[in-house]
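First comes the structure, then the notes that go with it.
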Amino acid sequence: MLRASASGAKCAVKLIVPLHRGFIVRSDIIPLRLRDSEYVESAVSFAEPLQTYSGKKVAISSRSDLTTYFAAAAAGLILRQGSTHASDAGSQALFQMVESDLANRLSFPWIQPGTPRRRTLALVDANSSHPQDGLGFYRAARELGINVVVLENAGHWLEDPAQAHWREAFIPTRLTNPPEEDVGDHILASLRAYGKPVDGIVTFADSFWYYIARIAHEIGVETAPPDSMRIATNKFLTSKYVGHDAYLASNVDEALRIAKEVALPYPLIVKPCDGWSSEGVSRVESPDAFPAAVKSIDTSRHGTEFVMEPYCDGPEVDVNLVLLDGEVLFAEICDDLPKSADVNGLTVGSLTNFHELYSVYPSALPSKELELLIHSFVDTLLRLGIRNGVMHLEGRVQNSSMEYREQNRMMHLQPRAPQATRPEPSAWLIEINPRPLGMTGSHIIESTYGIDYWGLAAVLGVGDKDRARALSQPYRDGPQYTCVMVFIPADFPPSSQGIFDTDDICADLLARRPDLAQHISRCATLVRRGQKVAHPTTGRHTFLAYFNVFSRAGREEALDLARQVREEVRYSFL
(Lines of atoms letter the chains of each structure in order from A and count residues from 1; the text may use other names and numbers.)
(Lines give C-alpha, C1' and ligand atoms only; values in the text may rest on other atoms or scores of the structure.)
Protein backbone atom coordinates (compact mmCIF):
# COMPACT_ATOMS: atom_id res chain seq x y z
CA MET A 1 0.00 0.00 0.00
CA LEU A 2 1.40 3.43 -0.92
CA ARG A 3 0.57 6.91 0.21
CA ALA A 4 2.11 10.32 -0.45
CA SER A 5 4.31 11.70 2.32
CA ALA A 6 4.39 15.33 3.34
CA SER A 7 7.38 15.87 1.05
CA GLY A 8 5.57 14.37 -1.92
CA ALA A 9 7.62 11.18 -1.94
CA LYS A 10 5.94 7.81 -1.81
CA CYS A 11 6.29 5.50 1.16
CA ALA A 12 5.07 2.02 1.92
CA VAL A 13 2.58 1.39 4.71
CA LYS A 14 1.54 -1.88 6.31
CA LEU A 15 -1.43 -2.44 8.60
CA ILE A 16 -1.50 -5.24 11.18
CA VAL A 17 -4.96 -6.84 11.41
CA PRO A 18 -5.49 -9.55 14.08
CA LEU A 19 -6.87 -12.80 12.67
CA HIS A 20 -7.49 -14.41 16.06
CA ARG A 21 -10.49 -13.68 18.25
CA GLY A 22 -9.66 -12.22 21.65
CA PHE A 23 -8.05 -9.22 23.33
CA ILE A 24 -4.68 -7.60 22.78
CA VAL A 25 -2.04 -8.64 25.33
CA ARG A 26 -1.00 -4.98 25.77
CA SER A 27 -2.07 -2.09 23.59
CA ASP A 28 1.44 -1.02 22.50
CA ILE A 29 2.80 -4.51 21.91
CA ILE A 30 3.44 -4.08 18.18
CA PRO A 31 5.53 -0.86 18.43
CA LEU A 32 7.34 -2.42 21.40
CA ARG A 33 8.29 -5.55 19.46
CA LEU A 34 9.29 -3.61 16.34
CA ARG A 35 11.77 -1.28 18.01
CA ASP A 36 14.96 -0.93 15.91
CA SER A 37 13.59 -3.05 13.08
CA GLU A 38 15.76 -2.61 9.99
CA TYR A 39 12.66 -2.38 7.81
CA VAL A 40 10.24 -0.22 9.83
CA GLU A 41 10.66 3.55 10.06
CA SER A 42 7.83 3.96 12.57
CA ALA A 43 5.13 1.83 14.17
CA VAL A 44 1.93 3.24 15.66
CA SER A 45 -0.60 1.35 17.76
CA PHE A 46 -4.31 1.90 17.13
CA ALA A 47 -5.34 -0.33 20.04
CA GLU A 48 -6.79 0.58 23.41
CA PRO A 49 -5.82 -1.37 26.55
CA LEU A 50 -7.62 -4.75 26.64
CA GLN A 51 -9.26 -4.05 23.26
CA THR A 52 -11.01 -7.07 21.75
CA TYR A 53 -10.94 -8.20 18.13
CA SER A 54 -13.31 -10.43 16.19
CA GLY A 55 -10.53 -12.25 14.33
CA LYS A 56 -12.46 -12.08 11.06
CA LYS A 57 -10.79 -11.36 7.77
CA VAL A 58 -11.35 -7.87 6.41
CA ALA A 59 -13.92 -7.65 3.63
CA ILE A 60 -13.43 -4.55 1.49
CA SER A 61 -15.38 -3.16 -1.45
CA SER A 62 -12.38 -1.70 -3.27
CA ARG A 63 -8.61 -1.22 -2.98
CA SER A 64 -9.24 2.39 -1.97
CA ASP A 65 -11.47 1.40 0.98
CA LEU A 66 -8.93 2.50 3.60
CA THR A 67 -11.51 3.16 6.32
CA THR A 68 -12.33 -0.54 6.66
CA TYR A 69 -8.64 -1.43 6.76
CA PHE A 70 -7.85 1.04 9.51
CA ALA A 71 -10.93 0.15 11.57
CA ALA A 72 -9.80 -3.47 11.76
CA ALA A 73 -6.08 -2.82 12.30
CA ALA A 74 -4.29 -3.03 15.65
CA ALA A 75 -1.30 -1.04 14.37
CA GLY A 76 0.18 0.66 11.33
CA LEU A 77 3.75 0.61 10.04
CA ILE A 78 5.60 3.04 7.80
CA LEU A 79 8.32 1.03 6.13
CA ARG A 80 11.90 2.15 5.74
CA GLN A 81 12.57 2.56 2.02
CA GLY A 82 16.04 2.92 0.56
CA SER A 83 17.05 3.67 -2.99
CA THR A 84 16.90 -0.04 -3.82
CA HIS A 85 13.18 -0.15 -2.97
CA ALA A 86 12.07 2.66 -5.30
CA SER A 87 10.91 0.33 -8.09
CA ASP A 88 7.91 -2.00 -7.96
CA ALA A 89 10.26 -4.97 -7.72
CA GLY A 90 12.14 -3.26 -4.90
CA SER A 91 8.88 -2.62 -3.05
CA GLN A 92 7.88 -6.26 -3.35
CA ALA A 93 11.27 -7.32 -1.99
CA LEU A 94 10.82 -4.90 0.93
CA PHE A 95 7.41 -6.36 1.77
CA GLN A 96 8.86 -9.87 1.74
CA MET A 97 11.60 -8.83 4.16
CA VAL A 98 9.02 -7.14 6.39
CA GLU A 99 6.90 -10.30 6.44
CA SER A 100 9.92 -12.32 7.54
CA ASP A 101 10.75 -9.74 10.21
CA LEU A 102 7.18 -9.74 11.52
CA ALA A 103 7.20 -13.54 11.72
CA ASN A 104 10.31 -13.29 13.91
CA ARG A 105 8.94 -10.55 16.16
CA LEU A 106 5.24 -11.40 16.42
CA SER A 107 5.26 -15.22 16.56
CA PHE A 108 3.70 -15.39 20.00
CA PRO A 109 0.09 -15.13 21.29
CA TRP A 110 -0.25 -11.33 21.32
CA ILE A 111 -4.01 -11.80 20.96
CA GLN A 112 -5.28 -13.60 24.05
CA PRO A 113 -8.46 -15.71 24.02
CA GLY A 114 -11.35 -15.01 26.35
CA THR A 115 -12.76 -11.91 27.98
CA PRO A 116 -10.31 -9.45 29.54
CA ARG A 117 -10.62 -8.34 33.16
CA ARG A 118 -9.16 -5.13 34.52
CA ARG A 119 -7.05 -5.82 37.61
CA THR A 120 -5.67 -3.65 40.40
CA LEU A 121 -2.11 -3.59 41.71
CA ALA A 122 -0.91 -1.85 44.88
CA LEU A 123 2.56 -0.29 44.60
CA VAL A 124 4.56 0.52 47.74
CA ASP A 125 7.04 3.36 47.05
CA ALA A 126 6.28 5.27 43.85
CA ASN A 127 9.65 4.46 42.24
CA SER A 128 9.71 7.86 40.52
CA SER A 129 11.12 11.10 41.89
CA HIS A 130 9.62 13.48 39.31
CA PRO A 131 7.31 13.34 36.24
CA GLN A 132 10.25 13.00 33.82
CA ASP A 133 11.74 10.00 35.61
CA GLY A 134 10.82 6.36 36.08
CA LEU A 135 7.50 6.28 34.23
CA GLY A 136 8.17 3.00 32.43
CA PHE A 137 6.23 0.95 34.97
CA TYR A 138 3.24 3.31 34.89
CA ARG A 139 3.17 3.37 31.09
CA ALA A 140 3.34 -0.42 30.99
CA ALA A 141 0.50 -0.76 33.52
CA ARG A 142 -1.64 1.67 31.53
CA GLU A 143 -1.06 -0.22 28.25
CA LEU A 144 -1.83 -3.49 30.04
CA GLY A 145 -5.10 -2.21 31.48
CA ILE A 146 -3.90 -2.59 35.08
CA ASN A 147 -4.99 -0.05 37.69
CA VAL A 148 -2.20 1.09 40.01
CA VAL A 149 -2.83 2.19 43.60
CA VAL A 150 0.23 4.13 44.78
CA LEU A 151 1.27 4.10 48.45
CA GLU A 152 3.77 6.90 49.00
CA ASN A 153 4.53 9.83 51.29
CA ALA A 154 2.20 12.81 51.07
CA GLY A 155 3.38 15.53 48.73
CA HIS A 156 4.74 13.21 46.06
CA TRP A 157 4.10 14.48 42.53
CA LEU A 158 1.76 11.54 41.81
CA GLU A 159 -0.62 12.89 44.46
CA ASP A 160 -1.33 15.89 42.20
CA PRO A 161 -4.79 15.48 40.57
CA ALA A 162 -3.19 16.62 37.31
CA GLN A 163 -1.19 13.36 37.36
CA ALA A 164 -4.18 11.12 38.09
CA HIS A 165 -3.97 9.51 34.64
CA TRP A 166 -0.92 7.56 35.86
CA ARG A 167 -2.72 5.84 38.75
CA GLU A 168 -6.08 4.65 40.02
CA ALA A 169 -5.53 6.15 43.47
CA PHE A 170 -2.83 7.76 45.60
CA ILE A 171 -2.87 6.85 49.29
CA PRO A 172 -0.54 9.00 51.45
CA THR A 173 1.55 6.53 53.46
CA ARG A 174 4.48 7.13 55.78
CA LEU A 175 7.53 5.45 54.21
CA THR A 176 11.16 5.79 55.23
CA ASN A 177 14.20 4.05 53.79
CA PRO A 178 15.62 2.26 55.72
CA PRO A 179 12.06 1.30 56.77
CA GLU A 180 10.68 1.73 60.27
CA GLU A 181 9.56 -1.48 61.97
CA ASP A 182 5.88 -0.49 61.84
CA VAL A 183 5.85 0.26 58.10
CA GLY A 184 3.74 -2.85 57.53
CA ASP A 185 1.02 -1.35 59.72
CA HIS A 186 1.11 1.85 57.65
CA ILE A 187 0.79 -0.15 54.42
CA LEU A 188 -2.12 -2.18 55.78
CA ALA A 189 -3.92 0.93 57.04
CA SER A 190 -3.56 2.59 53.64
CA LEU A 191 -4.96 -0.39 51.77
CA ARG A 192 -7.92 -0.53 54.15
CA ALA A 193 -8.44 3.19 53.60
CA TYR A 194 -8.52 2.54 49.85
CA GLY A 195 -11.52 0.34 50.56
CA LYS A 196 -11.44 -1.85 47.46
CA PRO A 197 -9.84 -5.25 46.84
CA VAL A 198 -6.48 -5.44 45.10
CA ASP A 199 -5.22 -8.33 43.01
CA GLY A 200 -1.62 -7.98 44.13
CA ILE A 201 0.99 -5.83 45.84
CA VAL A 202 4.56 -5.08 44.74
CA THR A 203 7.46 -2.78 45.49
CA PHE A 204 10.61 -1.97 43.56
CA ALA A 205 12.39 -0.73 46.68
CA ASP A 206 13.87 -3.98 48.00
CA SER A 207 13.93 -3.01 51.68
CA PHE A 208 10.10 -2.97 51.89
CA TRP A 209 9.58 -6.55 50.70
CA TYR A 210 9.98 -8.19 54.11
CA TYR A 211 7.30 -5.96 55.62
CA ILE A 212 4.95 -6.44 52.67
CA ALA A 213 5.31 -10.21 52.91
CA ARG A 214 4.33 -10.06 56.59
CA ILE A 215 0.97 -8.37 55.89
CA ALA A 216 0.14 -9.80 52.44
CA HIS A 217 -2.15 -12.53 53.78
CA GLU A 218 -4.30 -9.89 55.51
CA ILE A 219 -5.25 -8.41 52.14
CA GLY A 220 -5.71 -11.80 50.49
CA VAL A 221 -2.65 -11.89 48.25
CA GLU A 222 0.36 -14.20 48.14
CA THR A 223 4.06 -13.35 48.29
CA ALA A 224 7.20 -15.27 49.13
CA PRO A 225 7.65 -16.06 52.87
CA PRO A 226 8.71 -13.03 54.97
CA ASP A 227 11.91 -14.68 56.22
CA SER A 228 12.89 -15.49 52.64
CA MET A 229 12.44 -11.89 51.59
CA ARG A 230 14.50 -10.78 54.59
CA ILE A 231 17.38 -13.01 53.43
CA ALA A 232 17.03 -12.01 49.77
CA THR A 233 17.14 -8.27 50.49
CA ASN A 234 19.95 -8.25 53.07
CA LYS A 235 23.39 -8.75 51.55
CA PHE A 236 24.92 -10.29 54.67
CA LEU A 237 22.10 -12.81 55.06
CA THR A 238 22.25 -13.60 51.33
CA SER A 239 25.99 -14.26 51.47
CA LYS A 240 25.65 -16.52 54.52
CA TYR A 241 22.73 -18.37 52.93
CA VAL A 242 24.76 -19.34 49.86
CA GLY A 243 27.78 -20.34 51.93
CA HIS A 244 30.16 -17.41 51.60
CA ASP A 245 32.69 -16.79 54.35
CA ALA A 246 30.91 -13.54 55.25
CA TYR A 247 31.05 -11.42 58.42
CA LEU A 248 28.94 -8.56 59.75
CA ALA A 249 30.32 -5.34 61.24
CA SER A 250 29.15 -1.81 62.03
CA ASN A 251 32.36 0.20 62.38
CA VAL A 252 36.06 0.19 61.52
CA ASP A 253 37.27 -1.19 64.85
CA GLU A 254 34.83 -4.09 64.69
CA ALA A 255 35.86 -4.85 61.10
CA LEU A 256 39.57 -4.84 61.96
CA ARG A 257 38.99 -7.10 64.96
CA ILE A 258 37.01 -9.63 62.90
CA ALA A 259 39.52 -9.59 60.05
CA LYS A 260 42.34 -10.29 62.49
CA GLU A 261 40.54 -12.93 64.56
CA VAL A 262 39.42 -15.06 61.61
CA ALA A 263 42.42 -14.27 59.38
CA LEU A 264 40.29 -13.16 56.45
CA PRO A 265 42.23 -13.44 53.17
CA TYR A 266 42.74 -10.23 51.24
CA PRO A 267 41.43 -8.76 49.02
CA LEU A 268 38.02 -8.42 50.66
CA ILE A 269 34.78 -6.82 49.60
CA VAL A 270 33.13 -4.40 52.02
CA LYS A 271 29.54 -3.42 51.20
CA PRO A 272 26.45 -2.19 53.08
CA CYS A 273 23.84 -4.80 53.97
CA ASP A 274 21.07 -2.57 52.62
CA GLY A 275 22.70 -1.09 49.54
CA TRP A 276 21.95 -0.35 45.92
CA SER A 277 23.64 0.97 42.77
CA SER A 278 27.00 -0.40 44.02
CA GLU A 279 27.14 2.48 46.50
CA GLY A 280 29.56 1.96 49.36
CA VAL A 281 31.13 -1.14 47.78
CA SER A 282 34.92 -1.26 48.16
CA ARG A 283 37.75 -3.69 47.51
CA VAL A 284 39.99 -3.82 50.58
CA GLU A 285 43.59 -4.93 50.02
CA SER A 286 44.90 -4.56 53.59
CA PRO A 287 43.85 -3.51 57.12
CA ASP A 288 44.96 0.04 56.31
CA ALA A 289 42.22 0.31 53.66
CA PHE A 290 39.32 -0.36 56.06
CA PRO A 291 38.82 3.25 57.27
CA ALA A 292 38.35 4.62 53.74
CA ALA A 293 36.07 1.72 52.78
CA VAL A 294 33.78 2.17 55.79
CA LYS A 295 33.76 5.95 55.36
CA SER A 296 32.52 5.54 51.77
CA ILE A 297 29.23 4.05 53.02
CA ASP A 298 26.50 6.70 53.23
CA THR A 299 24.86 5.53 56.46
CA SER A 300 21.90 7.89 56.01
CA ARG A 301 20.94 5.87 52.92
CA HIS A 302 22.21 2.38 53.68
CA GLY A 303 22.46 2.08 57.47
CA THR A 304 25.56 1.27 59.52
CA GLU A 305 25.81 -2.50 59.05
CA PHE A 306 28.12 -3.82 56.36
CA VAL A 307 29.37 -7.17 55.04
CA MET A 308 32.96 -8.34 54.74
CA GLU A 309 33.53 -11.29 52.42
CA PRO A 310 36.14 -12.64 49.99
CA TYR A 311 36.53 -10.87 46.66
CA CYS A 312 35.78 -13.08 43.66
CA ASP A 313 37.74 -11.95 40.61
CA GLY A 314 35.82 -13.96 37.99
CA PRO A 315 33.81 -12.34 35.18
CA GLU A 316 30.83 -10.41 36.56
CA VAL A 317 27.32 -10.89 35.18
CA ASP A 318 23.74 -9.81 35.62
CA VAL A 319 21.29 -12.72 35.55
CA ASN A 320 17.68 -11.74 34.91
CA LEU A 321 14.92 -14.30 35.39
CA VAL A 322 11.16 -14.41 34.91
CA LEU A 323 9.60 -16.96 37.26
CA LEU A 324 6.04 -18.26 37.34
CA ASP A 325 5.14 -20.94 39.90
CA GLY A 326 8.82 -21.90 40.04
CA GLU A 327 9.14 -22.29 36.26
CA VAL A 328 11.68 -20.17 34.38
CA LEU A 329 9.71 -18.46 31.61
CA PHE A 330 12.68 -16.43 30.39
CA ALA A 331 16.31 -15.96 31.36
CA GLU A 332 19.12 -13.84 29.96
CA ILE A 333 22.61 -12.96 31.10
CA CYS A 334 24.76 -9.94 30.33
CA ASP A 335 28.45 -9.30 30.92
CA ASP A 336 29.34 -6.46 33.28
CA LEU A 337 32.77 -5.38 32.13
CA PRO A 338 35.38 -4.84 34.87
CA LYS A 339 34.89 -1.69 36.90
CA SER A 340 37.52 0.77 38.09
CA ALA A 341 37.87 -1.00 41.46
CA ASP A 342 38.31 -4.47 39.96
CA VAL A 343 41.80 -5.95 39.91
CA ASN A 344 41.70 -5.86 36.10
CA GLY A 345 39.52 -2.77 35.71
CA LEU A 346 39.96 -0.02 33.15
CA THR A 347 41.10 3.43 34.23
CA VAL A 348 38.16 5.78 33.65
CA GLY A 349 38.90 9.31 34.78
CA SER A 350 39.54 9.41 38.52
CA LEU A 351 37.03 6.68 39.44
CA THR A 352 38.22 3.96 41.83
CA ASN A 353 34.89 2.36 42.74
CA PHE A 354 32.43 -0.26 41.51
CA HIS A 355 30.32 2.18 39.50
CA GLU A 356 28.99 0.44 36.38
CA LEU A 357 30.77 1.30 33.13
CA TYR A 358 29.60 -1.17 30.45
CA SER A 359 27.04 -3.98 30.29
CA VAL A 360 27.05 -6.19 27.19
CA TYR A 361 24.00 -8.15 25.96
CA PRO A 362 24.06 -11.09 25.45
CA SER A 363 26.92 -12.59 27.47
CA ALA A 364 29.90 -14.12 25.68
CA LEU A 365 30.61 -16.67 28.41
CA PRO A 366 30.56 -20.34 27.33
CA SER A 367 27.09 -21.92 27.31
CA LYS A 368 28.18 -24.33 30.06
CA GLU A 369 28.94 -21.44 32.40
CA LEU A 370 25.72 -19.62 31.48
CA GLU A 371 23.71 -22.75 32.28
CA LEU A 372 25.63 -23.10 35.55
CA LEU A 373 24.70 -19.55 36.58
CA ILE A 374 21.01 -19.97 35.78
CA HIS A 375 20.74 -23.38 37.45
CA SER A 376 22.56 -22.22 40.59
CA PHE A 377 20.68 -18.94 41.00
CA VAL A 378 17.26 -20.44 40.27
CA ASP A 379 17.99 -23.20 42.80
CA THR A 380 18.80 -20.55 45.42
CA LEU A 381 15.55 -18.69 44.75
CA LEU A 382 13.43 -21.83 44.88
CA ARG A 383 15.06 -23.00 48.12
CA LEU A 384 14.13 -19.60 49.55
CA GLY A 385 10.53 -20.08 48.42
CA ILE A 386 10.70 -17.29 45.83
CA ARG A 387 8.71 -18.73 42.92
CA ASN A 388 7.19 -15.77 41.10
CA GLY A 389 8.36 -12.46 39.72
CA VAL A 390 11.02 -10.73 37.67
CA MET A 391 14.35 -11.28 39.43
CA HIS A 392 17.58 -9.35 38.94
CA LEU A 393 20.61 -11.16 40.36
CA GLU A 394 24.24 -10.16 40.22
CA GLY A 395 27.11 -12.60 40.37
CA ARG A 396 30.42 -13.83 39.03
CA VAL A 397 31.83 -17.07 37.67
CA GLN A 398 34.50 -18.32 40.05
CA ASN A 399 37.31 -20.19 38.25
CA SER A 400 35.82 -19.26 34.89
CA SER A 401 37.44 -20.54 31.71
CA MET A 402 37.40 -16.91 30.49
CA GLU A 403 39.09 -13.72 31.61
CA TYR A 404 39.17 -10.08 30.56
CA ARG A 405 42.11 -8.63 28.69
CA GLU A 406 42.55 -5.10 27.45
CA GLN A 407 42.64 -4.70 23.69
CA ASN A 408 42.27 -1.44 21.75
CA ARG A 409 41.40 0.46 24.94
CA MET A 410 38.51 -1.91 25.70
CA MET A 411 38.07 -5.04 27.80
CA HIS A 412 37.42 -8.27 25.89
CA LEU A 413 36.55 -11.74 27.21
CA GLN A 414 39.26 -14.20 26.19
CA PRO A 415 39.89 -17.89 27.00
CA ARG A 416 42.29 -18.43 29.88
CA ALA A 417 45.41 -20.48 29.44
CA PRO A 418 44.67 -24.15 30.29
CA GLN A 419 45.68 -25.29 33.78
CA ALA A 420 45.52 -28.90 34.89
CA THR A 421 44.96 -27.90 38.53
CA ARG A 422 42.26 -25.25 38.04
CA PRO A 423 39.01 -26.08 39.88
CA GLU A 424 35.77 -26.38 37.97
CA PRO A 425 33.82 -23.13 37.40
CA SER A 426 31.18 -22.30 40.02
CA ALA A 427 28.52 -19.62 40.40
CA TRP A 428 29.28 -16.84 42.90
CA LEU A 429 26.18 -14.93 43.96
CA ILE A 430 26.70 -11.26 44.81
CA GLU A 431 23.13 -10.18 45.49
CA ILE A 432 19.45 -10.86 44.87
CA ASN A 433 17.06 -8.11 43.82
CA PRO A 434 13.42 -9.32 43.79
CA ARG A 435 12.49 -6.83 41.07
CA PRO A 436 13.50 -5.91 37.52
CA LEU A 437 16.84 -4.24 36.96
CA GLY A 438 16.74 -0.43 36.86
CA MET A 439 14.39 1.32 34.46
CA THR A 440 17.08 2.40 32.00
CA GLY A 441 18.67 -1.05 32.17
CA SER A 442 15.38 -2.74 31.31
CA HIS A 443 15.14 -0.72 28.09
CA ILE A 444 18.05 -2.65 26.61
CA ILE A 445 16.26 -5.97 27.22
CA GLU A 446 13.15 -4.61 25.55
CA SER A 447 14.97 -3.64 22.36
CA THR A 448 17.36 -6.61 22.26
CA TYR A 449 14.89 -9.41 23.08
CA GLY A 450 11.44 -7.80 22.74
CA ILE A 451 10.61 -8.28 26.43
CA ASP A 452 9.55 -5.54 28.85
CA TYR A 453 10.41 -6.53 32.43
CA TRP A 454 8.30 -3.76 33.97
CA GLY A 455 5.20 -4.94 32.13
CA LEU A 456 5.93 -8.48 33.26
CA ALA A 457 6.34 -7.30 36.85
CA ALA A 458 2.86 -5.79 36.62
CA VAL A 459 1.10 -8.85 35.17
CA LEU A 460 2.91 -11.21 37.54
CA GLY A 461 2.04 -8.87 40.40
CA VAL A 462 -1.68 -9.29 39.72
CA GLY A 463 -1.40 -13.02 39.00
CA ASP A 464 -2.24 -12.80 35.28
CA LYS A 465 -0.47 -16.02 34.34
CA ASP A 466 -1.60 -16.30 30.72
CA ARG A 467 -0.35 -12.84 29.81
CA ALA A 468 2.86 -13.46 31.75
CA ARG A 469 3.56 -16.51 29.61
CA ALA A 470 2.85 -14.63 26.39
CA LEU A 471 4.92 -11.57 27.28
CA SER A 472 7.89 -13.73 28.34
CA GLN A 473 8.46 -15.00 24.80
CA PRO A 474 11.46 -13.33 23.11
CA TYR A 475 12.00 -12.86 19.40
CA ARG A 476 11.78 -16.22 17.66
CA ASP A 477 15.30 -15.90 16.23
CA GLY A 478 16.91 -14.68 19.46
CA PRO A 479 18.45 -11.28 20.28
CA GLN A 480 18.28 -8.94 17.30
CA TYR A 481 21.79 -7.56 17.88
CA THR A 482 24.63 -7.18 20.37
CA CYS A 483 23.94 -4.18 22.57
CA VAL A 484 26.19 -2.39 25.05
CA MET A 485 24.88 -0.11 27.76
CA VAL A 486 27.43 2.66 28.19
CA PHE A 487 27.13 4.28 31.64
CA ILE A 488 28.49 7.81 32.05
CA PRO A 489 29.17 8.23 35.80
CA ALA A 490 29.77 11.56 37.50
CA ASP A 491 33.47 12.31 37.68
CA PHE A 492 34.99 15.67 38.61
CA PRO A 493 37.73 17.05 40.88
CA PRO A 494 36.81 16.93 44.60
CA SER A 495 37.76 20.62 44.81
CA SER A 496 35.00 21.70 42.42
CA GLN A 497 31.50 22.72 43.55
CA GLY A 498 29.89 19.76 41.81
CA ILE A 499 27.54 21.96 39.76
CA PHE A 500 26.74 20.34 36.42
CA ASP A 501 27.51 22.91 33.72
CA THR A 502 26.42 21.24 30.48
CA ASP A 503 23.11 21.16 28.61
CA ASP A 504 22.30 17.77 27.06
CA ILE A 505 25.19 15.29 26.86
CA CYS A 506 23.30 13.01 24.50
CA ALA A 507 21.97 15.65 22.10
CA ASP A 508 25.47 17.08 21.80
CA LEU A 509 27.03 13.72 20.92
CA LEU A 510 24.29 12.76 18.46
CA ALA A 511 24.72 16.08 16.63
CA ARG A 512 28.51 15.83 16.46
CA ARG A 513 28.70 12.14 15.55
CA PRO A 514 25.78 11.11 13.30
CA ASP A 515 27.79 8.00 12.38
CA LEU A 516 27.57 6.86 16.01
CA ALA A 517 23.96 8.05 16.34
CA GLN A 518 22.76 5.41 13.87
CA HIS A 519 24.04 2.74 16.29
CA ILE A 520 22.34 4.20 19.40
CA SER A 521 18.99 2.64 20.26
CA ARG A 522 18.26 4.79 23.30
CA CYS A 523 20.07 7.39 25.35
CA ALA A 524 19.25 9.99 27.97
CA THR A 525 20.92 12.73 29.96
CA LEU A 526 19.92 12.21 33.60
CA VAL A 527 21.04 15.51 35.17
CA ARG A 528 20.31 19.13 34.30
CA ARG A 529 22.47 22.20 34.01
CA GLY A 530 22.81 23.82 37.43
CA GLN A 531 22.12 20.59 39.33
CA LYS A 532 24.45 19.82 42.24
CA VAL A 533 25.91 16.33 42.01
CA ALA A 534 27.50 14.44 44.90
CA HIS A 535 31.14 13.48 44.39
CA PRO A 536 31.70 9.69 44.15
CA THR A 537 33.90 9.79 47.27
CA THR A 538 30.79 10.67 49.34
CA GLY A 539 29.43 7.18 48.68
CA ARG A 540 26.75 8.34 46.25
CA HIS A 541 26.85 7.18 42.65
CA THR A 542 25.29 9.42 40.03
CA PHE A 543 24.82 8.56 36.38
CA LEU A 544 25.06 11.64 34.18
CA ALA A 545 23.83 9.79 31.09
CA TYR A 546 23.60 6.44 29.37
CA PHE A 547 23.74 5.20 25.78
CA ASN A 548 22.47 1.85 24.46
CA VAL A 549 24.86 1.14 21.58
CA PHE A 550 24.16 -1.74 19.18
CA SER A 551 25.76 -3.62 16.33
CA ARG A 552 24.27 -6.21 14.01
CA ALA A 553 27.81 -7.21 12.97
CA GLY A 554 28.70 -8.65 16.37
CA ARG A 555 30.26 -8.09 19.76
CA GLU A 556 33.63 -6.76 18.61
CA GLU A 557 32.07 -3.92 16.64
CA ALA A 558 29.60 -3.20 19.45
CA LEU A 559 32.44 -2.85 21.97
CA ASP A 560 34.40 -0.58 19.64
CA LEU A 561 31.35 1.63 19.09
CA ALA A 562 30.77 1.76 22.86
CA ARG A 563 34.38 2.84 23.41
CA GLN A 564 33.98 5.60 20.83
CA VAL A 565 30.78 6.83 22.46
CA ARG A 566 32.47 7.14 25.87
CA GLU A 567 35.45 8.95 24.37
CA GLU A 568 33.16 11.40 22.55
CA VAL A 569 31.13 12.42 25.62
CA ARG A 570 31.65 16.05 26.66
CA TYR A 571 30.58 17.64 29.95
CA SER A 572 31.89 20.01 32.60
CA PHE A 573 31.39 20.90 36.26
CA LEU A 574 31.79 24.17 38.12
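Every residue, even glycine, has its Cβ placed from backbone N, Cα and C.
Source: prediction; values computed, not measured.
Positions annotated as ATP binding site by Swiss-Prot: 263-318. Within its own chain, Asp298 (ATP binding site) has Glu279, Gly280, Thr538, Gly539, Arg540 as residues 6 or more apart in sequence whose C-beta sits under 8 angstroms from its own. In the three-state DSSP assignment, the secondary structure recorded for Asp298 (ATP binding site) is coil.
Within its own chain, Glu394 (Mg(2+) 1 binding site) has Glu316, Val317, Asp318, Val319, Asp336, Leu429, Ile430, Glu431, Asn433 as residues 6 or more apart in sequence whose C-beta sits under 8 angstroms from its own. Under the heading Mg(2+) 1 binding site, Swiss-Prot lists Glu394, Glu431, citing sequence analysis as support.
Feature annotation from Swiss-Prot assigns Mn(2+) 1 binding site to Glu394, Glu431; the stated evidence is sequence analysis. Classification of Glu431 (Mg(2+) 1 binding site) by DSSP places it within a strand.
Swiss-Prot lists Glu431, Asn433 with the feature Mn(2+) 2 binding site. Neighbour density for Asn433 (Mn(2+) 2 binding site): within 10 A of its CB lie 20 other CB atoms from the protein chains shown.
The Cβ of Glu431 (Mg(2+) 1 binding site) has 21 neighbouring Cβ atoms from other residues within 10 Å, across all protein chains displayed. Taken from Swiss-Prot, the feature Mg(2+) 2 binding site applies to Glu431, Asn433, supported by sequence analysis.
Annotated domain 'ATP-grasp' per Swiss-Prot: 234-462, in sequence order.
Secondary structure at Ala263 (ATP binding site), taken from DSSP and collapsed to helix, strand or coil, is coil.
Between the binding-site residues Ala263, Val270, Val284, Cys312, the minimum number of other C-beta atoms within 10 Å of a residue's C-beta occurs at Ala263. A simple way to gauge crowding: the CB of Ser277 (ATP binding site) has 15 other CB atoms within 10 angstroms, across all the protein chains here. DSSP assigns Glu394 (Mg(2+) 1 binding site) to a strand segment in the three-state reduction. A simple way to gauge crowding: the CB of Pro291 (ATP binding site) has 13 other CB atoms within 10 angstroms, across all the protein chains here. A strand conformation is recorded for Val270 (ATP binding site) in the three-state DSSP classification.
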